[in-house]
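Here is the structure we will look at.
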Amino acid sequence: MPRIMIKGGVWRNTEDEILKAAVMKYGKNQWSRIASLLHRKSAKQCKARWYEWLDPSIKKTEWSREEDEKLLHLAKLMPTQWRTIAPIIGRTAAQCLERYEYLLDQAQRKEDGEDTMDDPRKLKPGEIDPNPETKPARPDPKDMDEDELEMLSEARARLANTQGKKAKRKAREKQLEEARRLATLQKRRELRAAGIGSGNRKRIKGIDYNAEIPFEKRPAHGFYDTSEEHLQKIEPDFNKMRQQDLDGELRSEKEERERKRDKQKLKQRKENEVPTAMLQNMEPERKRSKLVLPTPQISDMELQQVVKLGRASEMAKEIAGESGIETTDALLADYSITPQVTATPRTPAPYTDRIMQEAQNMMALTPTETPLKGGLNTPLHESDFSGVLPKAASIATPNTVIATPFRTQREGGAATPGGFQTPSSGALVPVKGAGGATGAVNTPAYVRDKLSINPEESMGVTETPAHYKNYQKQLKSTLRDGLSTLPAPRNDYEIVVPEQEESERIETSSEPAVEDQADVDARLLAEQEARRKRELEKRSQVIQRSLPRPTEVNTKILRPQSEKQNLTEQQQAEELIKHEMITMQLYDSVKDPVPGQSQHKLEQLQSYFKANPYEDISQQELAKAKQMLTEEMEVVKERMAHGELPLDVYAQVWQECLGQVLYLPSQHRYTRANLASKKDRLESAEKRLETNRRHMAKEAKRCGKIEKKLKILTGGYQARAQVLIKQLQDTYGQIEQNSVSLSTFRFLGEQEAIAVPRRLESLQEDVRRQMDREKELQQKYASLVEERDSLYSQIEHITGVRPTAQQLLPDQEA
């Protein structure tokens, strides 16, 4: 059978060099001609190799974090449009697709708990790379095949061929020109030998350097100053006219120089005892990324304010000390001895990997079905759709300069365990833009607040009634402690009871005081509230905090009566705790039934309490039990070397424990997830899905009612608001138009005020000139009339007849 060759495979260094040389000669459009130089590659593969790897504009460095975030964000906005995404990121489409799949694989392996350093996309021995065009070239072997040597020699000959069609045509034209010149010369010789002289007219192409000055710049006509012209004498450099300077450096000389330099570097490294791994360059050095520090949390103005506060407090202490009044001195706290929170370094909030979150979102959206089936949406991490590029989130450095350790620590406060948190009640000084787009945390407003006078406005005490009651208790205890530290009064007050007459005393004692009904109702309500609070303090923490409770209490966790005989002391204690826990849960179900609980169930519980009565525990016993638990917890922490448990670690442990518990609907009980079968897990998931759907339908119905009610309540206001907005817009338009007209007429008035005096002066000058001219003409007319009369008198004296005007006029007909 003849040998069959399939084009493709890994690219070699020789093939890359041939491809680059062919592109330099033939351009980036004749891929079929370029592929004819490479026997093992097709035109499509050559084009893909150039545009995916060999093009000098391709960026081959490691992916940065900003590029990963931009890639995931654009892939979310424009799925599968890699040709559109690639120019925005500055990479090729194949690189973007490969990096995107790599990030999804990393997120999947992280969720599965596998090693993220093991790349699943790495080829195993025997596998074929589906995209060899995007991989580096394989080095050439020392003993190349005959086919490769033949391909190399053919490509070298074709690329170095200068005797092609164009070269042959040029040579042919040159020969014709030479034959024409020789024929002309022979003809001129024969004519000269015959005695016929012909002019030797030489036709010159281009510039005649004997008759013209090349690149001449004629000076401008006229005289001009040449004193500022300094002509530099140009000295010819004949050294650059040598052949070796004109040809440039040879490739062999350049390679020889680089080879010598490499030998010198290797010798230097060996002398300096550089490790062998660095000499072999097993792994390229990674370029260090730019250090990006978070935005500073405190400004120079705030630091100056802190210094001013310290100076003001010291001056107040000195003035109080000079006055000699101990009461005033006691009310002023000494903040110079305030313990600063610098025992352990503070770190920012736990950092979340945004790249992994976006990759998990994209991986979760991949296997989703059509939305026409309905159901819940895929749970995703918080994402950003505000723009084409992702937002840059900066981490703020915790502020340890302005810290008030006299406040209580709240959830999500200090990052260091046991640290104090400054209340975020505002800014130290009214600074605009604090905590804005830069991501900085607001500076606390009250730095000096040892007496807790300023309220913490940011505390969410109105979330639940239990929180509000605890907050009120805390305020009362704080106020009580603060009042107890006040000094004893020095002044003695004498109370004098006014004397009362005997008749008035008898009338007062005989008439019984009638209490107002409003006061009676208020007193009864206060007694009921106090009784309810006392009873609530005896109840479990679930009732006090209004936490959710199960509708069914699992009583099967108790051991049967037959197995309680051979139990150890620890097992007996556990049974007592279980029995007390079940009793408390059943008591809560009877006392405060869960919504939806049947009446038959309540009757069964009441019968249970007849056999197992609920024991009422006093406040002293509860306080003693809490104290014992606290002491035992401290002992356990000390012996097991446990510190303060952070909230994120606690939440992680809670999620792990919750994930190990599974509710079985068929058995109406909870069990461990690893002990449940696949069928039980499916039933549990279906039950949870059904419950969630029921909750969703209920909430959607409630939201629909609220939305409808809100639309009814605010429909008129919305219509009125639209009308007022339109009127306001019309008014704004009229105001703008009137303001433009006002400014226009005001400008015209200013211009007229400037131009009117000029026009008046010009008109007055014209009137004055016209009056002078009329006066001159009147005088001339008077002189002419006088001259006419004198002429008339002379004619009359000579002829004796006075001529008329018609006789003096010339004859028109003549």
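Glycine too: its Cβ is placed from the backbone N, Cα and C atoms.
Within the set 159-201, 503-545, 589-631, 675-717, the record from TrEMBL flags 159-201 under the feature region 'Disordered'. Residues 760-794 are the range that TrEMBL records as coiled coil, among 270-304, 410-444, 550-584, 760-794. As stated in TrEMBL, the feature coiled coil covers range 672-702 out of the listed 455-485, 672-702. Within its own chain, the region 'Disordered' (108-145) is flanked in space by residues 8-16, 45, 48-49, 52-53, 92, 94-95, 98, 101-102, 152, 356, 360, 363, which lie at least six positions past its ends and keep a Cβ under 8 Å from the stretch. Taking Cβ pairs closer than 8 Å, the coiled coil (760-794) reaches residues 802-803 in its own chain, all 6 or more past its ends.
In the compositional bias 'Basic and acidic residues' (173-192), helix, strand and coil residues by DSSP number 20 helix, 0 strand, 0 coil.
Averaged over the domain 'Myb-like' (55-104), the predicted model reaches a pLDDT of 91.
For the domain 'HTH myb-type' (1-58), residue counts in helix, strand and coil come to 31 helix, 1 strand, 26 coil, using DSSP.
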